[in-house]
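In what follows, a structure is listed as structure tokens, so that the remarks can point back to it.
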Amino acid sequence: ILWFEQQQIRKRAKRNSEVLQLYRKDAFSDTLWSEEWYLRNPRSLKDADLLVLPCWAQNITGNGIVVTVLDDGIEWMHDDLRKNYDPKASGDLNDNDEDPRPRYDPSNENKHGTRCAGEIAMTANNNICGVGIAFNSKIGGVRMLDGPITDSLEARALGFNHKYIDIYSASWGPLDNGMTLDGPGTLSRKAMELSIKEGRDGKGVLYVWASGNGGHRDNCNCDGYASSIYTISISSITSTMMKPWYVEYCASTMASTFSGGLTLSEGKVVTADLHNECTDQHSGTSASAPMAAGIFALLLESNPSLTWRDVQHLITWTSNPLGMNQNPGWTQNAGGFWVNPSFGFGLLNAMELINAARPHKWKTVPKQHICKTATTESNKKLEDGGEVDILVSSDRCENSSNEVMYLEHIQVVMNIDHTHRGDLEIWVISPSGTKTNLLQKRPKDSSSEGFKNWSFMSVQTWGEDPLGTWKIIVKDTVPITPTSSDEFLKLSTAELNSILNTPTRISGTDYAPTYSTKVRTKLESARYKYLLRQLKEKEAEQERKWQRQRDRQLRKWKNQYDRYPYY
């Protein structure tokens, strides 16, 4: 006997795994499955995958979860939606009946809700259209956008059967024209608060909201729906992992999913369409929000005990910024999270969400604490082209029932008088030094109404300690003119309203910092490689430019020599 060893049973997996099979073009019989690039990642781009397919491989498909689309109605008798349609999650608030089917006209303008619903719950393997992200979830629709819209109507929609519905998907809001300032009215706010308090047996419904399509001249902090602490504001990224032209700059954006861009190479989204048809032309943040709603349906199926705040924490910790690093604007806050005003915390990652939320691993976050801190500085004056700094000291409500150590949302509530609202920029700097742009200049906003008790919300200081001095900066971007008066703008009041809670732990593990460290290292490395590649490309272009100049000069000399050989 030359050698012996106790043999152990080892685990081996066949390489033709179910996950890999799902990535194939013919994995499903649905006619447009091969066009659903945002699920299959045929581009083979690293970190450009929502990782939905590994969830399906574990039989997580949205079973038992109810999602309702608040929109212009849904064509529920569509062959790709009928199987998953749920009448209990549906209604028509425009015509006051139970049938949410859209109004048909030659323009097909009321296709929006049907398209959003299809992304979430199209039936799999039925030879029609595509595959919904949560293809075994129940889908409903509330028709509420095809008629006069009031606060009362919106409240009825936002609270529709809130003890039955798990997720509301909304791809609408105030006009994205760069001049509108609007949000939920008194009744709508009450409806959302009630649904958060009573929905899902007290765990709170999820409101998934499209961040807006106003582009660089708008800001979704002027949209009180997308910037509510109760909504999960979703932005877009193209198939090439670049920022689409319509994405707004916004401190309240939590995460991103895929959507279309300006060119044909930046593919759009496959879904159901009116008249029992299919489309591959859905786009905008309107397409990104339902995509996120479908992912959250998978998440809630995997762990139904998650609260609405659990889900927001999971988003901050598991969203992936790595594939987006070539886009400007990424900063790391003092809590260790990478965040971008265009994309939030990064691309949603369905498998990471579910892995982090495993019932044996996840511990529900503590009760929400709200610590309000008012400034003692008021009635400050701001001249044209000037700047006002307001200091707000926070003791994080120590020695009280609202004592906090770990930031979630911050809300800066302001009253500002100004004759040209679009000239203003507003920043907030946390005690840890994180600088957040709450509002950038909006050239089209010429309103003289200013801001009346308006709440600017940010998630960009998530995980930080609020203790210390906060600085709010209000800047007028218009140059000083000879006719300026120091009474031109008056800042009436400013209040820092921090929505906070105590530190969160996951079964004794330090999941969030570990993930953040990994992301930081990879992001910095990727950013360095990107900048190095850009530098090399710039040098190569300069070399090519010099080569072209030299060739032109040589041709010129040759022509001169050919004409005057003895010159």
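Every residue, even glycine, has its Cβ placed from backbone N, Cα and C.
Heads up, TrEMBL stuff is auto-annotated, nobody curated it.
Feature annotation from TrEMBL assigns active site, charge relay system to D71 (among others). When Cβ atoms from all protein chains are considered, those within 10 Å of D71 (active site, charge relay system) total 29, not counting its own. A strand conformation is recorded for D71 (active site, charge relay system) in the three-state DSSP classification.
TrEMBL lists 87-112 with the feature region 'Disordered'. Helix, strand and coil counts under DSSP for the region 'Disordered' (87-112) come to 7 helix, 3 strand, 16 coil.
Here TrEMBL flags 99-112 as compositional bias 'Basic and acidic residues'.
Taking Cβ-Cβ distances under 8 Å and a sequence gap of 6 or more within the same chain, the neighbours of H112 (active site, charge relay system) are D71, D72, L145, S171, W172, S286. The active site, charge relay system annotation in TrEMBL covers H112 (among others).
The feature active site, charge relay system is assigned by TrEMBL to S286 (among others). S286 (active site, charge relay system) has a Cβ environment of 25 other Cβ atoms inside 10 Å. The secondary structure of S286 (active site, charge relay system), as reduced to three states from DSSP, is helical.
Here TrEMBL flags 364-512 as domain 'P/Homo B'.
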Mean per-residue pLDDT computed across the domain 'P/Homo B' (364-512): 79
